[in-house]
Amino acid sequence: MATNGVVISCLREVRPPMTKHAPSMWTDTFSNFSLDDKEQQKRSETIEALKQEARGMLMAATTPLQQMTLIDTLERLGLAFHFETEVEYKIEQINAAAEDDGFDLFATALRFRLLRQHQRHVSCDVFDKFVDKDGKFEESLSNNVEGLLSLYEAAHVGFREERILQEAVNFTRHHLEGAELDQSPLLIREKVKRALEHPLHRDFPIVYARLFISIYEKDDSRDELLLKLSKVNFKFMQNLYKKELSQLSRWWNTWDLKSKLPYARDRVVEAYVWGVGYHYEPQYSYVRMGLAKGILIIGIMDDTYDNYATLNEAQLFTQVLDKWDRDEADRLPEYMKIVYEFILSTCENYERDAAKLGKSFAAPYFKETVKQLARAFNQEQKWVMERQLPSFQDYVKNSEKTSCIYTMFASIIPGLKSVTQETIDWIKSEPTLATSTGMIGRYWDDIGSHLRESKGGEMLTALDFHMKEYGLTKEEAASKFEGLVEETWKDINKEFIATTNYNVGREIAITFLNYARICEASYSKTDGDAYLDPNVAKANVVALFVDAIVF
């Protein structure tokens, strides 16, 4: 016992193996950007004029298929927010009308997906007419690529109990992957290619919009008005993003943390990408900036616990942060004083912003989520450094916090008009929508972390916990986690619609859904991490902020 005590005591003074993070790829790329206000105003006026024509098109669409196809195109092009009232009006018309018995697979699936994505209750029984007596989709459907794609996209808004939609995923993926697409229109080919990588419902909305604009302009059946509007709109937003990013970069550079805390990541641009993913629409400037700052706090904390602090230092930092008192800073090592000041100062600015925006009630909650996150990071560090393997259930409970979902949501509350104190009370109850979206990110991160960290054999990951508890191989555990991702998405889909019963607005529900979407795009299909490894996020940064759209 005495020997064990000495070992544990010594272990608490050991620093974790330090990962040398790649430097920022962007340094001063955006900090000196200057927006031409006159040109931006001209774009705004052009958008308004084109919107009037597009609105007329939408309201003139009379048949359900015309309405659904146009709404789908507007959403794919990143334009639907301009017509929110009109789109919801049309969606309600589509929902109120009985489904046309003559709807083919394409139309049936499109209607089903759009209604669910707009939080309407619609039964998956609408697909019964396409299955045989054994409950299998009819093989005659396999030659209808457009219908298969529509069903594939619709199947990804399913719930756990909807077995027909899981069958639809398997059926459509099998046939789409094996389809001869050479004779299909370019638009269909490109949609299929992207969908097999990232189903539309799970895709990064504004990144997809940028991609779809480039596909749409090559389509012979394109609408020139919508194409022009989408290009001017994207150019307008791209310049707005670059302006915000320049302001954020200058703020970040004043702290000079990349030299003061060399163990920490310098990822201001990557953090801002997440902000754009949460809400890309122009009116959500505070959400984008606020989330980026929240993520930078999280990143500094994560790297401090995971990449540098000893167990004793981490425990002390957790205690000091819990007191939230500058007078306590003298108890900390010098490098931790810098971290502590960065957190407190950023939160003080948040508190002032919240007061100006009529959201003073948000500040105490934001502080509490930061403290909560510190405790969860500290627990995770103990498990790893002391090589303890918690039960999978204990891991999941702690991971709901280290997913950072609560801190990230709290960081943007001042920029969300619909959030009230009642919203915060709802989130504090840890609703399924919040916990499930958080776990999507956690599961994908754990899969990638295991592939990265186990290469060096130094760090324990969540897959190690699962392998030991259930006697699985690494491959089996990774497969199990990917299965957990799929099932958790089904919970998100169900709760996204159910929030309409909790008096939780669409703005809030979309925020949580978009967190899961960004995680899916950032972590899946790779062993990289779009925040840890700048090369993973590079394509999104270039598409959103660097590449100019060609008119």
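Numbers here mean position along the shown chain, with the first residue as 1.
Every residue, even glycine, has its Cβ placed from backbone N, Cα and C.
In sequence order, Phe377 make up the list of same-chain residues 6 or more apart from Asp302 (Mg(2+) 2 binding site) whose Cβ falls under 8 Å from its Cβ. Annotation source Swiss-Prot lists Mg(2+) 2 binding site at Asp302, Asp306.
The Mg(2+) 1 binding site annotation in Swiss-Prot covers Asp302, Asp306. DSSP assigns Asp306 (Mg(2+) 2 binding site) to a helix in the three-state reduction. The C-beta environment of Asp306 (Mg(2+) 2 binding site), restricted to residues of the same chain at least 6 apart in sequence and closer than 8 Å, consists of Pro16, Phe377, Glu380, Gln381, Val384.
Annotated motif 'DDXXD motif' per Swiss-Prot: 302-306, in sequence order. Same-chain neighbours of the motif 'DDXXD motif' (302-306): 16, 21, 261, 263-265, 314, 317, 336, 339, 374, 377-378, 380-381, 384, counting only residues six or more beyond its ends whose CB sits under 8 Å from a CB of the stretch.
According to Swiss-Prot, the Mg(2+) 3 binding site annotation covers Asp445, Glu453. Packing around Asp445 (Mg(2+) 3 binding site) is summarised by its Cβ count: 21 other Cβ atoms lie within 10 angstroms of its Cβ, all protein chains included.
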